[in-house]
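Trainee: My questions will all concern the structure given below.
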Protein chains: 4
Amino acid sequence: MSHNSFGHLFRFTTWGESHGSALGAVVDGCPPGLPLSEADIQPFLDARRPGTSRFTTQRREPDAVRILSGVFDGRTTGTPISLMIENVDQRSKDYSEVAKAYRPGHADYAYDAKYGFRDYRGGGRSSARETAARVAAGAVARLVIPEVAITAWVESIGGDAIDPAAFDVSEIGRNPFFCPDAAAAARWEALVDGARKAGSSLGAVVACRAEGVPAGWGAPLYAKLDAELASAAMSINAVKGVEIGDGFAAAALSGEANADPMRPGEGGPEFLANHAGGIAGGISTGQPVTLRVAFKPTSSILTPVETIGPDGQATTIATKGRHDPCVGIRGVPVVEAMVALVLADQKLRHRGQVG
Amino acid sequence: MSHNSFGHLFRFTTWGESHGSALGAVVDGCPPGLPLSEADIQPFLDARRPGTSRFTTQRREPDAVRILSGVFDGRTTGTPISLMIENVDQRSKDYSEVAKAYRPGHADYAYDAKYGFRDYRGGGRSSARETAARVAAGAVARLVIPEVAITAWVESIGGDAIDPAAFDVSEIGRNPFFCPDAAAAARWEALVDGARKAGSSLGAVVACRAEGVPAGWGAPLYAKLDAELASAAMSINAVKGVEIGDGFAAAALSGEANADPMRPGEGGPEFLANHAGGIAGGISTGQPVTLRVAFKPTSSILTPVETIGPDGQATTIATKGRHDPCVGIRGVPVVEAMVALVLADQKLRHRGQVG
Amino acid sequence: MSHNSFGHLFRFTTWGESHGSALGAVVDGCPPGLPLSEADIQPFLDARRPGTSRFTTQRREPDAVRILSGVFDGRTTGTPISLMIENVDQRSKDYSEVAKAYRPGHADYAYDAKYGFRDYRGGGRSSARETAARVAAGAVARLVIPEVAITAWVESIGGDAIDPAAFDVSEIGRNPFFCPDAAAAARWEALVDGARKAGSSLGAVVACRAEGVPAGWGAPLYAKLDAELASAAMSINAVKGVEIGDGFAAAALSGEANADPMRPGEGGPEFLANHAGGIAGGISTGQPVTLRVAFKPTSSILTPVETIGPDGQATTIATKGRHDPCVGIRGVPVVEAMVALVLADQKLRHRGQVG
Amino acid sequence: MSHNSFGHLFRFTTWGESHGSALGAVVDGCPPGLPLSEADIQPFLDARRPGTSRFTTQRREPDAVRILSGVFDGRTTGTPISLMIENVDQRSKDYSEVAKAYRPGHADYAYDAKYGFRDYRGGGRSSARETAARVAAGAVARLVIPEVAITAWVESIGGDAIDPAAFDVSEIGRNPFFCPDAAAAARWEALVDGARKAGSSLGAVVACRAEGVPAGWGAPLYAKLDAELASAAMSINAVKGVEIGDGFAAAALSGEANADPMRPGEGGPEFLANHAGGIAGGISTGQPVTLRVAFKPTSSILTPVETIGPDGQATTIATKGRHDPCVGIRGVPVVEAMVALVLADQKLRHRGQVG
């Protein structure tokens, strides 16, 4: 019921605005006895950090995390883990125009419609900056599910997709796009550069695969593993679509073409296909859990767009601040974090439910 | 945390198996004083009811709903509304084979992996029959949001899509496919007939539009209106994908092409486009809320598929029971119900949060 | 958030009014594989059943429970267990006067103030009849915690207390008062008879002890085992006080007098006292969990009391219906049920949290 | 389900240990537009602050609160309010002995039994220091319920009670005991001094009254206002009993003696008594909401007590650290805070449910 919390047995709450003094997360329900220090979290924040290439926002944030509670003698105690990240590079002056005009596609108008009021500096609470807190919490979640390996990547930018045949997981870390296809990464350099120079922006699709999820996590009916993953993904800024397994493509198939036949295998069935994305009836099957997430292009563009202001007057706005030309790129560590957070919670819930 | 409940202030819990004596829903948190009788619920159940055309399962169920509590002198009292639907046409013998072999794509294996045990009659709790309880609860939810009109339809079957230019809302009720395009409906007759006769099945995409949702419903960040809709849709049997507004199509656009410009209008802004599906930053904008939902083809097909049984032995299974050749068709009233249930809850939460 | 649900991993929802057609509970989160039939539940309902002696309400209800879902081949499946009890002996005419005047001390005025409306027949949803659904759910909870033995009894009626030195657990089932002291039971016969004949009513204190709770259940800080027990007990009709261990008596002690010293024992510490009622820091210590619950006298009395009616007019009311002269007596099985429900939930949560 | 969160629509989460670097609370769901600064919170922290008289622990903490998020231009925005209080005076060396022996009556053994591990410095998370975060959150809650005035006081210490006839609300702030009876305060000076010098401790009863609660807050059945107050009070360290209205005293009364008759009054009924503590059927009646809370004596005493250590060995412990000789005294601002937090949540929920 808390609007800024997610999860049940493993639960986190985030707080903080883009231009406040700090932001953070409280992770509640982490099992006791897990080794944890800032060094376990920082690498994930570094992967998401802005300002690391010309393809992301030029805001410079060290994103150094501090653990304020919940750890004693280097191990988690079972009590809440408070994580804090200070904001360093807030240039509030960049945003003075946003106070006077709603940026179409942004949350500006909707927040004012709901709350009668908003923190307009850098998008306030609706800024993608909030996702730093999720990534920090996600790093803790990973410790809870050591049996699971989560990998996400960008599958397409502005409609230009990778070649599945060229997929090379080791390539993902070698380019600024989290792209598993070296040729596509080269093309995207020009593509994103073009958008950036034009003050435009591009959408992207992020794919994610979690290997090692044992059969049996998830639950019917409103806590289906796919429902929780969909909720988690759709809670990320700029996300407008989620697919589990083949997703919309499955809607065009026949039952025969969509079948995932099974054979006896070692330690469980061997599956001959994975159209279902590793989830049947809302419960994991032991296959890799796969999902795809659609990020819209960020609405901050240099081209003036018709809009209105808080007083209802007609105006136009061209957004000049520091923005990601393709917010989906930095969405990769965020998707990974949210998947880790869902799975950690599901593991604990399964353990409680079934013993 | 309850796996069979959904919602917060307006909350429902469903119970019952495909072949048990009955199924039902308990609706908790319905505001007091609303006129309610069985007659307000029955038409929605009739729309979802099996056996009404040759394009759905031939199971014959009257799906007559009884209100057991929460209503006095014809009005809701604010206390839980217990709704019950008796199962009439359970032919458990049809399912004896399912006890001995996991149907690929069904929840059979996953349930056994989780619970070590399952009710194999007609899919038990994972049967689409459970959605009758949702539709009944959804009918109550509609009474809570009289300002909203919800309409869903089938947009494509097996990859054969309607012509958007031919969209006619009045056509939806005139054919057994909830199809707004008369020409497509005619084509689908042959298409679904073919699948049915061949013992095959087809996927489908269901689209939904909610008009009249005022600006301000929803909440950042993990209770975003899009996140709750995604969770609700993905909790429906056979659903594998959800899009809000343009969804995955937006991921291929530039920021300019995806913009939803605003002009001063009467009683709020006039929007010049609705790529965002009526939701920005997780909060409704006052535009129609639009979503698309992908249903996979039902996994019950006559073609034998390789599988294993509870003891791990290799076998094959061909599913001969009474099934929907295209489960997406009867998904239309279910999607409408889930959208109503999400919006009723959001309305009450908004009212509580903001006053 | 659901007002008619309780628990997290093991959760139940009750529905139904005193004079509706039926009432029931949906138990969600019960682990799979437990043997369960109506025969496991009925004895607990029989213990709470009205009309079994002249010391309880003369309403005659068989309170026969039906299991409508969640059980297959005699075992729980992990899916929701729907329990239904039909109302048989509703004499609504008895309550016509209640429509016209608020019974002081009853929920009549408060319900109208909240909902603008109420089901006045027999107290509607606020009737003690609702506790039948709790007792049914509690019987399922007991199956989840076979290691725990729960015993409750009446400790005092109208201020007349048992002699602790005369405590005999086997006496509890031998008299209509759940009284462990035969001499007190004899005194109470005259006491309650007197109140009954005079159309008066009496308060009572119910004590409860749960043996076998292992150390470690519960959680800091807002899910303390004592906090959950207090919430559970205070949710019972007519309850106005809860004590864990020595409760208010501890507030008059010094630290020395209140100490629970420990010595090495077999399989854990041996405690030399149990002032804390088996809970320290919100977590069970392995000692018996003990609590005391105060029931006020039922507000239904024959002596006319000043009151007002729905239109605000002055009037008096004398309640002539069939009522318990001492509602605390039948509270014994209800307290036991609530303690079982709390402990079942705590067991599953502990298992999930700590593994 | 979060063990360190409380509330539903108005919800807070606390974090931090007695000897960590800081502690804090995240308040989620606070309505937008309320004026809020540190100055609104600090006075309540000052009232609870340790080291202000010789009757409380000598730990010196400024307890200066910082608002890290959720406020813009001096007003709440509807987003999470992060509150942080730094720990200044942690002398961890005082607690080295606690690592080697469980203090009877403290949470030491129970935490180890649950988590296999604990932060033994100053009680870690189970320290009364955590209540500073509650008091800070409670100050925010008060802003949400300006119609309500909450006053708590100490009613008895070590069994020595105030004289109800001498009750003077203005006296409460004039002595270090929050005592409304000047004569009792004088007696308690000697009483608590004696306990302090002897290294002993004393229990206490705290009473609280909330005036201005309108009729209609609360809800049947498991969210009864009394159940939520009981849960809130019992979640406070050292609390072992809760009464609403007359509590246990009502259990000794007849229905006639316990009646709360009503007469027509201005703007609602005039009640002739308030045995029920302002709550009927779990819903407020418009009368003052009254409760009493029992605090046990702190278990930290100088007299050696038999105990065991983490390895199960026999030992004794005498607690020499800085402790409150009567923890109930500083419980007064904590009880007030918890009552404010419950009522703020109930107000928002009522608004959402009933509109």
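Numbers run from 1 along the shown chain.
Glycine is no exception: its Cβ is also placed from the backbone N, Cα and C atoms.
Annotations per TrEMBL:
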- C:Arg48, C:Arg54: NADP(+) binding site (BINDING)
- C:Arg125, C:Ser126, C:Ser127, C:Asn237, C:Ala238, C:Gly281, C:Lys296, C:Pro297, C:Thr298, C:Ser299, C:Ser300, C:Arg322: FMN binding site (BINDING)
Trainee: I need the least crowded one of these binding-site residues (C:Ser127, C:Thr298, C:Ser300), counting other C-beta atoms within 10 angstroms of each C-beta.
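Mentor: Counting other Cβ atoms within 10 Å of each of the binding-site residues C:Ser127, C:Thr298, C:Ser300 gives the minimum at C:Ser127.
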Trainee: Reduce the DSSP letter at C:Arg48 (NADP(+) binding site) to three states and note it down.
Mentor: helix
Trainee: Are there binding-site residues in C:Arg48, C:Arg125, C:Ser127, C:Ala238, C:Lys296, C:Ser300 whose CB lies under 8 Å from a CB of chain B, and which ones?
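Mentor: Sorted by position along the sequence, the hits are C:Arg125.
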Trainee: Cα-Cα, whole number of Å: C:Thr298 (FMN binding site) versus C:Arg54 (NADP(+) binding site)?
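Mentor: Each residue's Cα considered, C:Thr298 (FMN binding site) and C:Arg54 (NADP(+) binding site) end up 16 Å apart.
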Trainee: Which of these binding-site residues is closest to C:Arg54 (NADP(+) binding site) if you go by CA atoms: C:Arg125, C:Ser127, C:Ser300?
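Mentor: Closest candidate to C:Arg54 (NADP(+) binding site), judged by Cα separation, is C:Ser300.
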Trainee: Take the Cβ of C:Arg48 (NADP(+) binding site) and count every other Cβ within 10 Å, whichever protein chain it belongs to.
Mentor: 24
Trainee: What is the separation, in Å, between the Cα atoms of C:Arg48 (NADP(+) binding site) and C:Ser300 (FMN binding site)?
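Mentor: Between the alpha carbons of C:Arg48 (NADP(+) binding site) and C:Ser300 (FMN binding site) there are 20 Å.
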Trainee: Just to verify: the residue among C:Arg54, C:Lys296 with the fewest other Cβ atoms within 10 Å, which of the binding-site residues is it?
Mentor: C:Arg54
Trainee: Under 8 Å Cβ-Cβ to chain D, which of the binding-site residues C:Arg54, C:Arg125, C:Ser127, C:Ala238, C:Lys296, C:Thr298?
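Mentor: Only C:Arg125, C:Lys296, C:Thr298 pass the 8 Å Cβ test.
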Trainee: Which has the fewest other CB atoms in a 10 Å radius around its CB: C:Arg125, C:Ala238, the listed binding-site residues?
Mentor: C:Ala238
